[in-house]
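Enquirer: Here you go, one structure.
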Amino acid sequence: KPPSHQHIGPEEADQPPSMSSHDAAPPAAPSRNPCCLCWCCCCSCSWNEERRRAWRASRENKLQPLPSCEECATPSPEEVRSWAQSFDKLMHSPAGRSVFREFLRTEYSEENMLFWLACEELKAEANQHVVDEKARLIYEDYVSILSPKEVSLDSRVREGINKKMQEPSAHTFDDAQLQIYTLMHRDSYPRFLSSPTYRALLLQGSSQSSNEA
């Protein structure tokens, strides 16, 4: 059964979530963390204390302002209408991804799109040193249970990531990326199509077409 996010009561608000067996992270290279053999929160070294402080500081500010990560022209009415034809068409459109990401932000699930985009960026990287660093950052930002941007992955996929992180590659997160893509398609995409955001774009496109006619 896939793990689900649990609601945290006020009395637990300052405590990071506990580490379950399937969430145990892979060993890090000694040069990265000489005092601790894992990436989890099980030891009291200064590195993990720093992670805990960062986690507490960010849990109330999970959604940061949208950076201009994708520059795209205003979509045409035809392009906007095409987004309703398939999720693939929405995700292959830079403007579509930008609008869909803003919608996910209103549903507090923007991390799904951010994770997917990070995986796309990783797959395009050829330099192994850069791959190692980006894979580590993706793990810490979206897979670690200490991150407020943790995405929902099942235990099989998590275990696979933990093994692959011993020798990261550009495809370390392929299974996880597919799982999150499927989640967005099944869960968020139908709601996006019936949302005021998308309906407003359709109306705007219809008005534009009428004016041009």
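The backbone N, Cα and C atoms fix where each Cβ goes, glycine too.
Not my notes, these are from TrEMBL:
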COMPBIAS  16-25  compositional bias 'Low complexity'
DOMAIN    86-202  domain 'RGS'
REGION    1-25  region 'Disordered'
Enquirer: I'd like the per-state residue tally for the domain 'RGS' (86-202) from DSSP, helix first, then strand, then coil.
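Expert: For that range the per-state counts are 85 helix, 0 strand, 32 coil.
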Enquirer: Please average pLDDT over the domain 'RGS' (86-202) for the predicted structure.
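Expert: Averaged over the domain 'RGS' (86-202), the predicted model reaches a pLDDT of 97.
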